[in-house]
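Features as listed in Swiss-Prot:
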- 49-54: motif 'PP-loop motif' (MOTIF)
- 124, 127, 215: [4Fe-4S] cluster binding site (BINDING)
């Protein structure tokens, strides 16, 4: 009898994992298609830190590649920053076990940061700049045409509010960007993925997670405050996070105040400029009492034979 109970439990866990994987595949596949992130012949350099996000990114991209209508290569890259206590064996062992091409780049950025930044001050800004330069250089050396990072939907929303609260800008993380010199394209295939889905997936897949606090840097208190605010909203108002993310995909420049995005000086009597959305000067806007955007876990887009296919991009 106990064996039957275990079997039923295993079946349920397997079903839940399969459902979760399909959702992540769908979200990643849609993001890749919507923003033309990966093209035929690309070599995608997946930046692997050893955290849940980058493990999930690599796993889902490998899964998608099996049935993708285009050919692209994947190489995993980890930057060993020589932090004390960093378990150097974990990532090579894992990557060998799944037969993925990889490169470990050893650079003592930890030592540079400790030398330049006074004790007790946050090291994240300098560390980030150093990492970016090394990863761009590595991408060039490997012939990579795309650099894939593991930022997800929650990261993008947190960044939006951080920029509004502390930077006075309406700015988030772009799903796709080009480096200042025009030589590197960075993509974020997890842009449509929820952090809690990634957390569940990482636990279910038993990825060998490496702690992210080895550098001893001060926590980003501003980001933590924003994260907790969004989590509270998500608990109190189901669907609000989805609606907010939808909002950053539906920008109406004529109803904001940035003259760089919309030329308000063109507005004259008798002529309606292109890009203006409706005359609502004296209207009281009506909103639905519940969020308009509700995620449907059962909706499967771009599926062929249980595997995601990319949209055709002109």
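Heads up, the Cβ atoms here are built off N, Cα and C, so glycines get one too.
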Long-range Cβ neighbours of the motif 'PP-loop motif' (49-54) (under 8 Å; 6 or more residues past either end): 78-79, 90-91, 149-152, 190, 198-199, 201-202, 207-210, 212
Summary of DSSP states over the motif 'PP-loop motif' (49-54), given as helix, strand and coil counts: 3 helix, 0 strand, 3 coil
Residue 127 ([4Fe-4S] cluster binding site), number of other Cβ atoms within 10 Å: 18
DSSP three-state assignment (helix, strand or coil) for residue 124 ([4Fe-4S] cluster binding site): helix
